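Here it is, the structure in full.
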């Protein structure tokens, strides 16, 4: 369960609400690298796609308000940050990692918003005890208010599950989370070392008979609340076919953890890798497959915008419309 879902869950229980089963299709598949920009990638007309991929959509807009000199100066500072090993070169790998970080900035902003709610002693770390107290403290101190068997079962299930996830995110095993570790805890689908936890939690959510597998009926029940005696919609019938033809790879009638991995964590096209290669190829004057700061600044308008490039694109756009 993600952070927002967990908060909603706790709030509902504390206010006596109940979780109703969704009747619409539930999306389990995680796409770690979505499109980097809504723009078309058309370098012959505009570098806007590259700007949004390299900077993020909102930051790209701020560059469009700068003079060319200001844009180049800020770009130079960004290049220093991208060069992780400080060897004076930006490799495709370093550029890819930068683009991935930029595209996930919203996740870190989300963590920043909730950080102070959990870091009670203000030591810039969040211990398991701090998180447990903030999230489950009311339940632990007032168990008599949660006599409903479903509520009790939910809390008893979620508390150890959160602790297991916290320990997996806590890479140095000190029972406290840095910002990076806490981000992995709240958004496990975004971190490679958390993928097994995502798979295990998905299995536990769907596997109602607790046999360690997901059969076709459990797979469908997770997406669709079937009314007694009512017909199944066409999309549900299609999903049953998907299960048999594609999800159940070994054709034993159920999904194991590896098959769940293929389902919810597909090996998608890596947009960040493709964009990093593109930027290196277009800017690598000496063709050594890595970029110096000078090479990037020489081709600066592919990486970032400015008032001048923005004005030029507006002129082109207006001319095309005439």
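Each residue's number is its place along the chain shown, starting with 1.
Backbone N, Cα and C atoms are what each Cβ position is placed from, and that goes for glycine too.
Just so it is clear, the model here is predicted, and its values are computed rather than measured.
According to TrEMBL, the protein carries these features:
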SIGNAL    1-20  signal peptide
DOMAIN    70-105  domain 'EF-hand'
DOMAIN    106-141  domain 'EF-hand'
DOMAIN    157-192  domain 'EF-hand'
DOMAIN    194-229  domain 'EF-hand'
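Mind mapping these onto the model and telling me what they sit next to?
Break the domain 'EF-hand' (70-105) down by DSSP state and the numbers are 26 helix, 3 strand, 7 coil.
For the domain 'EF-hand' (106-141), the predicted model reports an average pLDDT of 93.
If you look at the domain 'EF-hand' (157-192), the same-chain residues 6 or more away from its ends with a CB under 8 A from one of its CBs are 1-3, 6, 9, 30, 32, 104, 107-108, 110-112, 114-115, 118, 124-129, 131-132, 135-136, 198, 201, 204, 265.
Here the domain 'EF-hand' (194-229) has Cβ contacts under 8 Å with residues 1, 21-23, 25-26, 28, 30, 161, 164-165, 168-169, 184, 188, 236, 239-240, 243-244, 247-248, 253-257, 260-261, 264-265 of the same chain, all six or more residues outside its ends.
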Quickly jot the same-chain residues contacting the domain 'EF-hand' (70-105) by Cβ under 8 Å, restricted to those at least six beyond its ends, or write none.
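Residues 33-34, 36, 53-56, 59, 63, 190, 270, 272-273, 275-277, 279-280, 289-293, 296-297, 300, 303-306 contact the domain 'EF-hand' (70-105) from elsewhere in the chain.
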Helix, strand, coil: count each for the residues of the domain 'EF-hand' (194-229), based on DSSP.
21 helix, 2 strand, 13 coil
Under the DSSP assignment, what numbers of helix, strand and coil residues are found in the domain 'EF-hand' (106-141)?
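Helix (H, G, I), strand (E, B), coil: 27 helix, 2 strand, 7 coil.
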Could you give me three numbers for the domain 'EF-hand' (157-192), the DSSP helix, strand and coil residue counts?
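For the domain 'EF-hand' (157-192), the helix, strand and coil counts are 25 helix, 2 strand, 9 coil.
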